[in-house]
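Going by Swiss-Prot, these are the annotated features:
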DOMAIN    71-340  domain 'Protein kinase'
BINDING   I77, G78, S79, G80, G81, F82, G83, S84, V85, K98  ATP binding site
ACT_SITE  D194  active site, proton acceptor
Amino acid sequence: MPCDTADNWARYEGQDNAIMVARRGSVNSAFVTNSSQYHQAEDTNGNCFINARNDNWDNRDCNACVGHSDFSIDGVIGSGGFGSVFLGRYCGRRVAVKSVRQCSRNKEASRQSFQAEFNALLLRHDNIVSVLATTAYEDFDSGAFIIMEYAGRNLQQIVNDPGSSLSPTRRTKYALHIIRALHYTHSQGIAHLDVKPANVIVDSNTDVCRLADFGCSQRVSEGEGRDSFTSRSYLTGTFAYRAPELLRGRPPTTKADIYSYGVTLWQMLTRETPFAGENHHVVIFGVVAQNLRPSLPENANDAWYESLVTRCWEGRVADRPSAAEILLALERRTDDTENLPRDLKRRHGTT
């Protein structure tokens, strides 16, 4: 089923944005014009955003929007708040297929989650799991599915596996991969809003991390006095990773992702679950009113990494570094282990 209208892309449309869907042969390609959020329709390699990666992948018979008969489901990989993920096949390749759960109490939340994943078709980056296709938005009531590249197990599974090493070198590498994904996403004006180990896929062949699950993502506007593109407070991620300003009901910014990123880094360091066994309401009150954070280990012997963690989960939005600042520090870290604390000196700005 081809994706023929711009209505399906309404979440990314604005007065100055025009998003068009065109066809090249039998491949649907998305072009974004006059957009302040998407400056070009091609990535740095000259590939159209909507095209699948070219690693032995034949696009010729694949569409951005598909019917239920165009893919198959073979087995369950896992499940989450808004659906289950299955192993499947699409265009002759093994893929991950996410089924969006239709919540009877809040159907609009399910629809918006699917719409956010649909819009992720536009995102193309080596550290982001590619969304290859979706069922059409108009077919939501008969079953909503998102088809993604299959990469491997998630970071949460690695954290939970005592046989999997998370050495300082590997932690740093994973931290770099994740922040590259966030830097790209934020540069497109989008906050992920559900950054956590379960949403980071680690390629079993290359050991490269890729950010997944954009079901909570929102286009945001940074700056004082400017609200987010749309208010969806019930789609702001998992509470233990949620930034305090979101717990207060404030509009999200990209700095909310930095807070969640900090908790994710903490989890790689400790291999523990944040606030495990604690009452949710007590934790939320503690995070918001008392600056409660997960406990750092006393003998981790990784001061620079702990410095990064604590800077990322600062209570004030303005005190957290940006993804660009963290990316620069981590890239320099590979050459000079003394750079990180200096590069992440406290910066004050606009909340």
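Note that Cβ sites are derived from N, Cα and C of the backbone, with glycine treated the same way.
Values in this document were obtained by computation on a predicted structure and should not be read as measured data.
Neighbour counts of Cβ atoms within 10 Å were compared across the recorded positions I77, S79, G83, V85, D194; the minimum falls on S79. In the three-state DSSP classification, D194 (active site, proton acceptor) falls within coil. You'll find the Cα of G83 (ATP binding site) roughly 14 Å from the Cα of D194 (active site, proton acceptor).
Secondary structure at G83 (ATP binding site), taken from DSSP and collapsed to helix, strand or coil, is strand. For the pair V85 (ATP binding site) and the residue listed as 'active site, proton acceptor', the C-alpha distance works out to 16 angstrom. Across the structure, I77 (ATP binding site) and the residue listed as 'active site, proton acceptor' place their CA atoms 19 angstrom apart.
Here the CA atom of S79 (ATP binding site) lies 15 Å from the CA atom of D194 (active site, proton acceptor).
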